[in-house]
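Notes follow the structure.
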Amino acid sequence: MARTNDADVEKLEVAVPETAHQISSDSWFQVGFVLTTGINSAYVLGYSGTIMVPLGWISGVVGLIAATAISLYANTLIAKLHELGGKRHIRYRDLAGFVYGRKAYALTWGLQYVNLFMINVGFIILAGQALKAVYILFKDDNVMKLPYFIAIAGFICALFAISIPHLSALRLWLGFSTLFSLIYILVAFILSVRDGVKAPARDYSIPGSSASKIFTTIGAAANLVFAFNTGMLPEIQATVRQPVVKNMLKALYFQFTVGVLPMYAVTFAGYWAYGSSTSAYLLNNVNGPVWIKAMANISAFLQTVIALHIFASPMYEYLDTKYGIKGSALNVKNLSFRIAVRGGYLGITALVSAMLPFLGDFMSLTGAVSTFPLTFILANHMYFVAKKAKLSSAQKLWHWINVCFFGCMSLAAAVAALRLIAVDSKNFSLFADL
């Protein structure tokens, strides 16, 4: 009689919902790289300006380390609920719906959609900024404006989305993503350190009036949680092989140890080198050979194209499953569907990006209205509800403290982010050339 291994038993015991995309096909190491790609996307080039400048050295360093720890904790809570009730919950909304009911399913789906849409808006702004930076290096005639580059970036992102049918199909591209990340992070780090060594004493004071400092500090706190969280952990966990929880935890430990080091390095080096004058896109500050800066910006653009596809994949999975888009990626029906739907989605995303290219503000708003609720409030409360019978009184109190604290932070950060967007909208017109 053939021996049945533990993985086979687990597959038999846990029900898997229908999906048009691949699940349980990737190693924990590949999933770890997917997560690390999110952390070390071109967004890292903005953290010196959007986190460290508003917070300063002490609050910035402590805040980043604390955000790393609490993000790892919150993500492990979600990962441990992946097979709750004998069913794999391959979508965040599925898990929330199982724990709370239909209304929570719809609310979570709405929050997640807003979260991923705004992240993708930020990615296209970043991609446009990177292309503009390359253009300025060779021809600073002010003919090509930022909205033009955002449109180009949106078109290329759409081509990539049409070509890659699902998240697991990124395999080779994750290697390229890691290479591109290393290029722009190393260039930004090395050139920042070189500038910092040569520069006179920098001003590290937090800019702005007393009132504005309060709002920018709260906005920076939202950026802290934005930096570490995807808001789509169950969707990523769906791709990992059995045993699902054990392998996902390995991927998370990889993400929050090895994966965060490049981000720390470039964030701290950039702020050390330029102080309170650090921009929201670090490569605009650095000095060095034109070809090196061009290579770094091109790498940032290409990595952004790949990273955006990760954060758009839940929407693609939903639509592909709903309309039965399965089988060969080159099938005429499947290909035409992706061209129409994914191309349309990224066209709308690019339009919003060009109209409101305020990257730091979008990071703050995303952290406030969706990352806080999805990653911290919902994670702690869902775990409390699902495991209530097994938790001690102290553990229950701990989860309620987290829910209340992050609820207050989410509300305060949303107000601060909306104020920042309102102020910037007054200072700049639509389709601004920043």
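Quick reminder: no glycine exception, Cβ is built from N, Cα and C everywhere.
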Range annotated as transmembrane segment - as stated in TrEMBL, picked from 92-112, 365-385: 365-385
- prompt: Ranking 146-167, 294-319, 339-359 by Cβ pairs under 8 Å to the transmembrane segment (173-193), which is first?
  reply: 294-319
Message: Test of understanding: applying the rule of at least three C-beta pairs under 8 Å (pairs 6 or more apart in sequence), is the transmembrane segment (146-167) touching the transmembrane segment (294-319)?
response: yes
- prompt: With an 8 Å cut-off on Cβ pairs and a sequence gap of 6 or more, do the transmembrane segment (251-274) and the transmembrane segment (53-74) reach 3 or more such pairs?
  reply: yes
